[in-house]
Amino acid sequence: MTVATLRRPATGGPCVPKLTSGRFNTWRVAMVLLTQLIFLGAPWLRWDGHQAIWLDLEGQRIFLFAWCFWPQDLVYLAGALIICALGLFWWTALAGRLWCGNSCPQTVYTEIMLWIEHWIEGDRPARLKLRADPYKPAHLARRVASQAVMIAVSLVIGFGLVAYFVPAPELLASVLDGSMGGWTLFWLLSYAGFTYLLAGRLREQVCLHMCPYARFQSVMFDSHTLLVGYDAKRGEPRGARRQQHTANPRGDCVDCGVCVQVCPTGIDIRNGLQYECIGCGACIDACDTVMDKLRAPRGLIRMTTPHAEASGQPARVSWLRPRPLIYLGLIAATALAMAVGLWQRAPLHVNVLRDRAVMVRETPEGLLENAYQIKVFNADSRPHVLQLSAEGLPGARVLTEPAQLLLPAHGQLQLLARVQAAPDNVQHGAQVLHLNVRSRDDASFQRQEDTVFIGE
Ligand code: SF4
Ligand code: SF4
């Protein structure tokens, strides 16, 4: 059998990898279970009366346990994304593509789809047989059954994602009683559809042709980065063991091709480091099993580093290297800046917009009046009754609609404020006006916003 036919079915389409067992497989299974436990379980966590992690688009706020973020706080979201990206760079510099092979959602969901396929359609030879004659009734029934289960799993994953936007118990109730809104259903089906398409159908094609990270992550590698490598010195020349006693003895690789059959991206790691290798370690498990059967030492394919390969020493993860240290330093600096920002973050945000339709109005009492649209956002878990006052304009009084300013916990309030002052106290043209918003029951809960008051 040629390497090309080992990789993909003769009928074309995605790889049909053989499932393995071993250290790396155990680790991968654990990561699939852990990531899905977190992904599907987190929306059910409650905190202080609300969903602990909730992206409430309708209310324009994000809950993250005790924190409530408003649109003005998007800088923290940007900071969190920067930390995640730097964390990924740091991990890549240390361990190559272990993230891709074990924790990337595409890999995790592809792995789940492969399990389903394996359970329903059988092992690799059986699955290849099904693909070779797909319209035979028994084959078709198995293929339809496996696709149906994959679609069902994709719907659960779609539900899991939407539950971060619509409270999970509410979402589940809407599924059970059929009252789900049109947009919610659209997003659930869209995410389920993408999961099925990318993980169930396209599989490794996403890693090979669509993922941008695969293309540039090698710039984060250095000579101490852990990579999956084949020991060519020990393995070559490859060939069957029965040829050992010829004039040209063989290396330890018996050219069984199992390392290619198990590879989810269909590459032959014996050809050297390739960008298609996602570092899943399946070929290591497969080759170790072959070596065990041959009573040869394990590690013909192993995690190694370019430095270890060149020096002949065992591979060792070295944390104290310039590149990972630079990434760690950047992570620490960003985290510190965010921590300071969060520490000093005011629980009250106020947006003031002067009513531009009317420059200045004269009231029946002869006072000059300017109007302002005010939006108040509460990041505090307690409700507050607010009062408004104005500074910078002698004798000014503030009237609001509504008159009673009740700001809900983690909520927002929109109001109209009218500032009135005697003409003698108002300068001609624009002058600075300080609007104070404060809680009646908590002096520390206050904010001052500057705007302008236009005189005649
Ligand atoms: S599994 Fe090991 S022995 Fe078999 S072809 Fe691959 S490297 Fe050679
Ligand atoms: S070469 Fe090995 S580690 Fe790389 S993707 Fe294939 S099976 Fe996984």
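Start at 1 and count along the chain as shown; that gives each residue its number.
The backbone N, Cα and C atoms fix where each Cβ goes, glycine too.
The feature domain '4Fe-4S ferredoxin-type' is assigned by TrEMBL to 243-272, 276-299. Under the heading transmembrane segment, TrEMBL lists 27-45, 74-93, 148-168, 180-199, 325-343.
Long-range Cβ contacts of the transmembrane segment (27-45) within its own chain (Cβ-Cβ under 8 Å, at least 6 residues beyond either end) map to 51-54, 101-103, 105, 108, 111-112, 156-157, 160, 163-164, 167-169, 280-282. The domain '4Fe-4S ferredoxin-type' (276-299): residue composition by secondary structure is 13 helix, 0 strand, 11 coil, according to DSSP.
Residue counts for the domain '4Fe-4S ferredoxin-type' (243-272) under DSSP, helix first, then strand, then coil, are 8 helix, 0 strand, 22 coil. Mean pLDDT for the domain '4Fe-4S ferredoxin-type' (243-272) in this predicted model: 86. Same-chain residues lying 6 or more positions outside the domain '4Fe-4S ferredoxin-type' (243-272) and placing a CB less than 8 Å from one of its CB atoms are 1, 3, 6-8, 15, 17-20, 107, 110, 114, 124, 203-204, 207-208, 228-230, 232, 234-237, 278, 280, 282-283, 285-287, 289-291, 294, 296, 300-301. Beyond the transmembrane segment (148-168), the same-chain residues lying 6 or more positions past its ends with a Cβ under 8 Å from any Cβ of the stretch are 39-40, 42-44, 51, 53-57, 109, 112-113, 116-117, 120, 174-175, 184, 187-193, 195-196, 199-200.
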